[in-house]
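The following features are taken from Swiss-Prot:
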- C109, C114, C138, C141: Zn(2+) binding site (BINDING)
Amino acid sequence: MRESELIVRRIREGTVIDHIDGGRGLQVLSALGIDGGDGSLITVALNVPSGKFSKKDIIKVENRFLKDDDTNRLALIAPSATVNIIRDYKLAEKRRVALPNEIGRIFRCTNPDCITNSSERIESVMDVASREGPVLKCRYCSRILDVSRMDYT
């Protein structure tokens with residue numbers, strides 16, 4: 001085996017998130033609510049040398065299959081990521097992330113007076129105001145949000 005090869009166990013069934021920008025893998029896990037609490041085997045490789053990028057992160061989650069809306073939510077955190085669905089050790093489906101028109105349940109609004117931060121139990125929804133940047137706007141209070149400073153829910 002060559003020194004440059006990465007040794008990571010193959011998964012039989014589940015999801016592989018590849019080409020995550022280096023150092024962002026833990027943010028991806030947090031945004032998707034993947035914490036291992038359900039007993040699934042999770043493999044995380046951070047800052048792996050990559051030919052396409054200088055470094056990338058890889059996440060493998062056994063027995064969990066991301067839905068399309070989960071895949072598209074990754075566009076803010078990991079715009080160049082690919083999501084591979086694995087069945088019986090084989091690639092069954094490959095998806096590229098794409099920024100949706102709205103993003104719900106990932107971020108909390110940064111406005112402390114927003115109804116989503118009250119005792120009302122209302123989930124936050126961010127509308128994509130601009131794909132450049134990108135720029136998000138809270139659906140409830142219209143605050144423009146800086147993606148890099150937002151808290152995950």
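Using N, Cα and C of the backbone, Cβ positions are placed for all residues, glycine too.
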Which residues of the same chain, at least 6 positions away in sequence, have a Cβ lying under 8 Å from the Cβ of C141 (Zn(2+) binding site)?
-> C109, N111, D113, C114, I115, T116
Counting Cβ neighbours within 10 Å across all chains shown, tell me which of the binding-site residues C109, C114, C138 comes out on top.
-> C109
Cβ within 8 Å of the Zn(2+) site's Cβ centroid: which residues qualify beyond C109, C114, C138, C141?
-> T110, N111, D113, I115, T116, N117, S124, R139, Y140, S142, R143
Per DSSP (three-state), C141 (Zn(2+) binding site) is coil
